[in-house]
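Have a look at the structure below before the remarks.
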Amino acid sequence: MIKERKPSKSRAPGKGHKQIPGVAKESQPIARTRTGNVEFTPAKTHDMVRSLFDPTLKKSFLECWISLAILSNVVLCYFMATKFGASFTKKFFLWQYVFWRLCYNVGIGVVLHFQSNYETLTNFAKMRSLFSKKNQQWLARFCRFEIESKMPNTYCLEEYPEEFNVWLLFRQFVDLILMQDFTTYILFVVLSIPKTVLSSHTVSFALGVIMILFNVWVKVDAHRVVKDYAWYWGDFFFFQDSKLVFDGVFNVSPHPMYSIGYMGYYGLSLISGDYKVLLVSIGGHLLQFLFLKYCENPHIEKIYGSDAVENDNAHIDELLVKENPNYSKPLITKGLWFTNVDKLRLTDYFTILTVASIVLFTFFLKPSTKALFWATLVAKITTSLFISLVLHKQSTSKWFTRLFLKNGYTQVHSFYQWQFLYNYCLTVSYTLLILQTWSQFRHLESRNYTQIIFGFLLCWLQKWCDDEILTAISEFGWFYGDFFLTNYISSRKLNSRGIYRYLSNPERFLGVAGCWGAVLITHFSPYNLILAALWTAANIALVKLVEEPHVSKVYGTSERKSGVSKTLMGFKPIRRFSEIMDKMELRLVRHLTSNDSPFEEEAPTSEEAQWNEVVQLALQSVTANLAPNCEFKLGDGKCDTFIIPGPVEAHWKLPSKLYNNDDWIGLYKVFETGEDRQRTRVSSNGRWTGTNEAAFPYSGRPKKSIVKFQRTGDFVNGTVKFDHSLMFYEEGVYELRYHSGNTHKVLMISQPFRLSLPIVKAESAEELSEGLHQFLAEVHALDGNSFNPNSNRYLGDRFLKGLIKKASGVDLSVKYLRRINYDVSIIGKRVQEIKAVLENLE
């Protein structure tokens with residue numbers, strides 16, 4: 001009904017300004033004309049309600065006629081309803097409202113357009129000297145009379161520039177149009193309200209009253225902030241140097257007088273319960289938005305400049321396209337259509353065909369509403385868990401990026417694939433929700449069209465919210481780019497532009513408005529209530545448990561205060577309640593996201609301590625009842641750790657009567673041999689050697705494994721060596737077992753020992769390549785500059801993968817290693833690239 005103006009920016013007077021004497025006062029704002037820069041102090045004015053209805057203020061001729069017109073409409077309404085019936089009267093005032101609404105949005109819009117671009121009204125007044133006492137034409141005399149009858153006796157027309165006087169006259173015609181617009185609309189609504197409204201629409205009536213009261217607060221608070229100057233489009237006529245405070249309602253919503261300032265329209269529609277009133281209200285509201293778009297916004301941008309601020313995320317989107325030839329803007333599902341469709345991207349076809357398949361399946365096979373409900377429920381739970389899990393693991397360990405890096409892909413490629421997965425999940429879940437809602441709607445026995453229209457309004461609200469979010473944070477933010485491409489962020493500062501100026505997390509509630517709209521459309525179907533609750537809970541959980549912890553980690557702990565929060569926190573009861581809820585919420589989030597052990601007394605055990613414990617336990621199990629002349633020790637007997645690939649030397653000694661030429665020694669994992677110390681019940685898998693060179697001549701055992709064999713009187717002793725050809729290439733605790741004859745009977749068990757991976761330096765690509773080259777040469781698995789997996793049956797590519805990970809902390813997949821033919825130079829370079837990416841993500 002009443003419009004909003006953007007509060008004026010402070011303007012410092014320029015040089016050469018003319019000063020009109022006798023009007024400037026320090027306590028009042030200074031204004032100046034748009035052309036000529038003539039400075040003056042605006043006279044005090046009053047808002048429309050006081051001007052028209054305050055009996056202590058002077059009334060002009062037009063103001064009296066406006067009051068009379070309001071009263072006449074009320075009397076006319078009563079007379080016509082009595083004489084011609086409510087139906088005819090309602091149509092009469094509907095068309096009258098349409099006329100005045102067009103006078104407002106089209107008439108005033110055209111006048112302001114010409115005033116903004118050509119100062120038409122001001123030039124007309126100057127050319128005809130409308131405010132000069134020398135001009136005695138009827139129009140000039142009427143204009144002077146109108147202003148003098150309105151303003152105080154001390155007001156002198158000729159001391160003020162034409163711009164200000166024209167603005168005062170313009171206000172009178174604005175008051176006439178706005179009051180007629182308001183009065184005719186109210187009378188139309190009153191005639192549409194049923195007599196049983198209180199008994200049959202109690203909830204709707206209560207909600208409607210709340211919306212009307214909220215509308216009143218918006219109007220009052222808006223006028224408190226912008227005053228008469230902006231309320232009546234003063235900057236179309238002159239500029240005012242005043243510093244206005246952006247608070248209250250202007251922190252709650254963009255263009256509050258055009259958006260939430262029309263909440264009363266919808267409140268009255270609820271009270272009336274008539275969908276025709278709602279449609280009329282929507283039409284009037286839509287005209288107001290058109291007025292904003294084609295009249296106000298062009299003037300605002302011309303006078304104050306565009307509100308558009310450089311978007312860091314948009315720069316990142318451009319950078320990704322420029323630096324990565326294979327990257328293109330991702331497919332985004334927006335409502336019922338797609339944007340950024342790439343004709344050469346197969347995933348786009350896959351997404352679109354999936355939607356088409358689901359729709360065709362639903363319309364041709366006609367599944368039951370219950371079946372569609374379960375399909376939607378399962379799809380939403382599955383996709384929400386998948387999205388939340390991926391984002392959580394990506395935030396805590398960069399899991400998704402590492403997954404692609406270790407398989408030879410780039411960081412940007414991982415983000416590219418995530419964009420497809422995220423959009424695909426959203427598309428499938430919302431497609432099923434729309435089809436489920438349609439199926440439920442078709443089976444309704446009765447339809448409340450007012451409720452249905454409100455449902456579609458909520459769907460439009462979610463669509464608008466999504467568009468505003470996408471505009472504010474761009475595609476980079478829409479797809480959670482700060483989880484995947486943290487190194488692309490130049491400014492670690494939260495975005496507070498666009499919709500984020502008013503709401504910190506608009507997607508939390510406005511992002512599910514359409515789901516609750518579906519509840520209204522289906523007349524509060526239990527199925528849709530469950531789905532809407534699920535959508536809301538999933539959104540809140542994602543924001544609280546995943547997004548907010550990650551935002552704190554990336555952007556710091558400074559909280560982004562939204563305009564709505566600032567306004568609501570101005571009310572003490574709400575502020576206190578919010579503090580209590582924040583404390584409860586913090587405890588819950590900490591409990592759900594804590595990785596600490598539930599037993600505080602249970603201290604974490606280091607890896608080294610765990611290994612030592614394992615060795616000690618194994619030592620206690622070694623056979624201790626051998627004859628005193630039997631020996632079986634490793635090396636010098638003091639070392640219990642060997643670096644792969646060894647060698648591991650074992651010295652043994654037996655009485656001659658116990659020795660057999662077919663005795664053999666095998667290498668085993670301690671945990672695989674079990675508690676049986678008398679007999680080995682697991683295979684050595686070829687990791688064994690005889691005790692003398694003459695034994696097992698056809699076994700293919702390497703002769704070099706027998707270092708020493710000697711008979712001395714009543715004893716036999718020797719030394720065997722387990723080198724790279726007989727070695728385990730896996731960290732762990734091992735033991736050697738001496739077996740009697742060609743059997744698995746155990747005579748002696750060595751002290752348990754630990755096999756550890758070699759230390760390979762990885763400070764640079766060259767250093768890592770050289771270390772790998774040296775190790776592979778030691779184990780005779782080097783073929784040129786590459787690892788040969790066929791050279792050693794025990795040394796596989798998985799060991800090489802583990803060695804690289806231990807040396808550098810970087811995980812490369814076996815698939816990738818095979819793809820590059822195990823080239824150690826490429827491995828070194830790739831590891832450094834991945835390390836650089838992961839370091840930048842921290």
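Just so it is clear, glycine is given a Cβ too, placed from its N, Cα and C backbone atoms.
Per Swiss-Prot, the feature region 'Disordered' maps to 1-28.
The compositional bias 'Basic residues' annotation in Swiss-Prot covers 8-18.
Proximity of distant same-chain residues to the transmembrane segment (61-81), defined by a Cβ-Cβ separation under 8 Å and at least 6 residues beyond the stretch ends, is recorded for 51-53, 88-89, 92-93, 96, 145-146, 149-150, 172-173, 175-176, 179-180, 183-184, 187, 190-191. Residues or ranges marked as transmembrane segment in Swiss-Prot: 61-81 (among others).
Taking Cβ pairs closer than 8 Å, the topological domain 'Cytoplasmic' (82-91) reaches residues 188, 191-192 in its own chain, all 6 or more past its ends. Annotation source Swiss-Prot lists topological domain 'Cytoplasmic' at 82-91 (among others), citing sequence analysis.
The transmembrane segment annotation in Swiss-Prot covers 92-112 (among others) and is backed by sequence analysis.
If you look up Swiss-Prot, you'll see 173-193 (among others) marked as transmembrane segment, on the strength of sequence analysis. A Cβ distance under 8 Å defines the sequence-distant neighbours of the transmembrane segment (173-193), meaning residues of its chain 6+ beyond its ends; these are 1-2, 48, 51-52, 62-63, 65-66, 69-70, 73-74, 77, 81, 86, 89-90, 93-94, 96-97, 100-101, 103-104, 107-108, 232, 268-269, 271-274, 276-277, 280, 284.
Look at Swiss-Prot and you will find 197-217 (among others) tagged as transmembrane segment, backed by sequence analysis.
Residues or ranges marked as transmembrane segment in Swiss-Prot: 244-264 (among others).
The topological domain 'Cytoplasmic' annotation in Swiss-Prot covers 265-270 (among others) and rests on sequence analysis. The topological domain 'Cytoplasmic' (265-270) scores a mean pLDDT of 93 in the predicted structure.
The transmembrane segment annotation in Swiss-Prot covers 271-291 (among others).
Away from its own ends, the transmembrane segment (346-366) comes close to residues 331, 333, 338, 372, 420, 423-424, 427-428, 431-432, 435, 439 of its chain (Cβ-Cβ under 8 Å, at least six residues beyond either end). The transmembrane segment annotation in Swiss-Prot covers 346-366 (among others) and rests on sequence analysis.
According to Swiss-Prot, the topological domain 'Cytoplasmic' annotation covers 367-370 (among others), on the basis of sequence analysis. Long-range neighbours of the topological domain 'Cytoplasmic' (367-370) within the same chain, counting only residues 6 or more positions beyond its ends whose Cβ lies under 8 Å from a Cβ of the stretch, are 361, 436, 439-440, 443, 527.
As annotated by Swiss-Prot, transmembrane segment applies to 371-391 (among others), with the evidence given as sequence analysis.
Annotation source Swiss-Prot lists transmembrane segment at 415-435 (among others). If you look at the transmembrane segment (415-435), the same-chain residues 6 or more away from its ends with a CB under 8 A from one of its CBs are 327, 330-333, 347, 350-351, 354-355, 358-359, 362, 372, 375-376, 379-380, 383-384, 386-387, 390, 400-401, 404, 479-481, 484-485, 515, 518, 531, 535.
Counting residues 6+ beyond its ends, the topological domain 'Cytoplasmic' (436-468) has Cβ neighbours under 8 Å at 266, 269-270, 273-275, 278-279, 282, 334-335, 362, 367, 369, 372-373, 375-376, 498-499, 506-507, 510-523, 525, 527-528, 531 in the same chain. The feature topological domain 'Cytoplasmic' is assigned by Swiss-Prot to 436-468 (among others).
Taken from Swiss-Prot, the feature transmembrane segment applies to 469-489 (among others).
Touching of the transmembrane segment (271-291) and the transmembrane segment (92-112) is concluded from the presence of at least three CB pairs under 8 A, sequence neighbours closer than 6 excluded. Within the same chain, residues 73, 77, 80, 120-121, 170, 174, 177-178, 180-181, 184-185, 187-188, 191, 233, 236, 280, 284, 287-288, 290-291, 294-296, 299 sit at least 6 positions outside the transmembrane segment (92-112) and bring their C-beta atoms closer than 8 Å to a C-beta of that stretch. Beyond the topological domain 'Cytoplasmic' (265-270), the same-chain residues lying 6 or more positions past its ends with a Cβ under 8 Å from any Cβ of the stretch are 186, 189, 201, 204-205, 207-212, 214-215, 277-278, 281, 284-285, 450, 454, 457.
Residue counts for the topological domain 'Cytoplasmic' (367-370) under DSSP, split into helix (H, G, I), strand (E, B) and coil, are 2 helix, 0 strand, 2 coil.
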